[in-house]
Amino acid sequence: MASPTDHGGDSVETRSPELRKDPVTNRWVIFSPARAKRPTDFKSKSPENPNPKPSSCPFCIGREHECAPEIFRVPPDNDPNWKIRVIENLYPALSRNLETQSKQTGTNRSIVGFGFHDVVIEAPLHSIQLSDIDPVGIGDVMIAYRKRIEQIAKHDSINYIQVFKNHGASAGASMSHSHSQMMALPVVPPTVSSRLDGTKSYFEETGKCCLCEAKAKHFVIDESSHFVSVAPYASTYPFEVWIVPKDHSSHFHHLDDVKAVDLGGLLKLMLQKIAKQLNDPPYNYMIHTSPLKVTESQLPYTHWFLQIVPQLSGVGGFEMGSGCYINPVFPEDVAKVLREVSLA
């Protein structure tokens, strides 16, 4: 494969460092290609290990009694041949038993730790990874997220719900059985507030939603009927990928069944391409949706998306101290490399 070049024609070796600000994350990123190899040379140094079945995995079918309480399963009604189970987290970060206390007024630095922390078991068999499931099956996982969000949203004390997946030990997964998690918070996290500030500023300057505008040709990787995958203009991490709804949509839980399957197909494709190109790295994905109580005036500039981050490099002191990240590969090169990955 030829060495990727930017649209100005400069080679990777001669391209100068550049700072870009992403209006979505409201964050500056330093692109410093001199710190890295060619984009096609990026590989995970610690690929996710094969997924042998341990003798005591409580997420496997037949061991349901070993888990924390079940919330629901797919198919429903205690079907023993389940495909997906949503359960309480055995070690929750927040307590679902404190809601009555959470309505009490706290200080501006402390409130009662009420919230929900749930686990979505994505497959009954230990050997199955999310990328092994067909688009309809991955769509069912998305629909399970939606259903649980709709249930949690009935609690007036909850303000934000974060869906995330940690795949691989170095990505934070404590269980190798394929699963994802959901945390529902009584506050809007600072990163979400910063995202709202950034997208609002862009909207006020241009009259447009910056995520509706995120589909510049040289950043696009693939697209489906309802979604587009892009290497974002100011990506924080190497080989970061966003999957963005083509139609303006503020909340993930407004996703219908048809679009869920469409999303499942594109998510599967991106996970497969990342695994093949980068030596099956550990990864995280996060669904960035709007706060539950977003106002009518905020809807024009709030647009949900799914972010995939392969774990290729650690975060150092500069990033932690400044909040400004250094990315050694330009996103237009990432888009070109991933476009050209053949899964045949």
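Any Cβ shown, glycine's included, is placed from N, Cα and C.
In TrEMBL, annotation is done automatically, which means it is predicted and not curated.
Feature annotations, reproduced from TrEMBL:
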| type | residues | note |
| --- | --- | --- |
| REGION | 1-55 | region 'Disordered' |
| COMPBIAS | 7-24 | compositional bias 'Basic and acidic residues' |
| DOMAIN | 16-189 | domain 'Galactose-1-phosphate uridyl transferase N-terminal' |
| BINDING | CYS57, CYS60, HIS126, HIS177 | Zn(2+) binding site |
| ACT_SITE | HIS179 | active site, tele-UMP-histidine intermediate |
CB within-chain contacts under 8 A for HIS179 (active site, tele-UMP-histidine intermediate), separation at least 6:
PHE59, VAL119, VAL120, ILE121, GLU122, LYS165, ALA173
These are the binding-site residues: HIS126, HIS177. Which one scores highest on other Cβ atoms within 10 Å?
HIS177
For the binding-site residues listed here, CYS57, CYS60, which shows the highest count of neighbouring CB atoms within 10 A?
CYS60
